[in-house]
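What Swiss-Prot lists as Cu cation A1 binding site is H161, C196, C200, M207, and the listing cites similarity to another entry. Sequence annotations record features per position, and here Swiss-Prot assigns Cu cation A2 binding site to C196, E198, C200, H204 based on similarity to another entry. The Mg(2+) binding site feature in Swiss-Prot is assigned to E198; the stated evidence is similarity to another entry. Residues or ranges marked as phosphotyrosine by Swiss-Prot on the basis of similarity to another entry: Y218. According to Swiss-Prot, the topological domain 'Mitochondrial matrix' annotation covers 46-59. The feature transmembrane segment is assigned by Swiss-Prot to 15-45, 60-87, with similarity to another entry given as support.
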Amino acid sequence: MAYPLQLGFQDATSPVMEELLHFHDHTLMIIFLISSLVLYIIMLMLTTKLIHTNMMNVQEMEMIWTILPAIILILIALPSLHTLYMMDEINNPLLTIKTMGHQWFWSYEYTDYEDLAFDSYMITTDSLKFGELRLLEVDNRMVLPTDLPVRVLVSSEDVLHSWAVPSLGLKTDAIPGRLNQVTLTSMRPGLFYGQCSEICGANHSFMPIVLELVPLKYFESWSASLA
């Protein structure tokens with residue numbers, strides 16, 4: 001989860017988020033090199049006493065500033081496409097969960113079970129226990145198994161919402177009348193927090209998301225106790 005005054009991303013919890021972090025660092029390095037080169041050229045132009053007044057057509061230079069940006073764009077596009085296709089890839093998910101956005105709570109339905117569904121509301125500040133996080137805790141957490149592919153179907157009952165969990169690299173729009181899907185695989189157990197990331201009304205900031213990732217045997221015990 002995020003901490004006050006934190007710089008950078010949250011720790012990656014899924015392979016997708018790791019790829020996103022690598023792509024971010026890769027792109028940031030390219031931007032840094034380009035910015036350094038441009039700054040160097042500007043400083044050189046401002047400090048040099050040499051002036052070229054008869055340079056009207058230099059074909060070699062035109063080829064360089066045409067080919068070099070094309071190469072840079074390819075270096076950015078290739079890893080970007082790899083990550084994009086990785087995010088959309090869904091192979092034999094162990095579990096499918098239908099997530100519906102409402103004003104202003106989430107409802108979860110485990111479609112592989114007959115009667116495993118519940119609503120998830122934010123816990124108000126005056127009901128928090130010691131150690132719980134303000135505006136981030138819910139009464140019913142979404143419990144999932146670790147190290148296994150899970151498919152999440154996202155939609156909305158009323159207005160636009162967005163189901164987002166930053167540490168897993170997830171952000172999927174919840175659109176009324178449309179079903180979007182996303183896959184997640186957690187590499188470690190724990191609690192992972194998110195929030196609705198699409199302005200959806202007066203209580204938009206009171207729609208937290210809490211994922212509790214547990215080993216498979218604990219997930220089976222939890223699902224058996226509720227089903």
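Glycine is no exception: its Cβ is also placed from the backbone N, Cα and C atoms.
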Environment of C196, E198, C200, H204, the listed Cu cation A2 site - residues of the same chain whose CB lies within 8 A of the CB centroid: G101, W104, V159, L160, H161, S162, S197, I199, G201, M207
Which listed residue (H161, H204) has most other Cβ within 10 Å, given these are binding-site residues: H161
Rounded Cα separation (Å) that holds between C200 (Cu cation A1 binding site) and Y218 (phosphotyrosine): 35
C196 (Cu cation A1 binding site), number of other Cβ atoms within 10 Å: 25
Using Cα positions only, nearest of the recorded positions to E198 (Cu cation A2 binding site) (H161, M207, Y218): H161
Cβ-centroid neighbours of Cu cation A1 site H161, C196, C200, M207, 8 Å, sequence order: G101, Q103, W104, W106, S162, A174, Q195, S197, E198, G201, H204
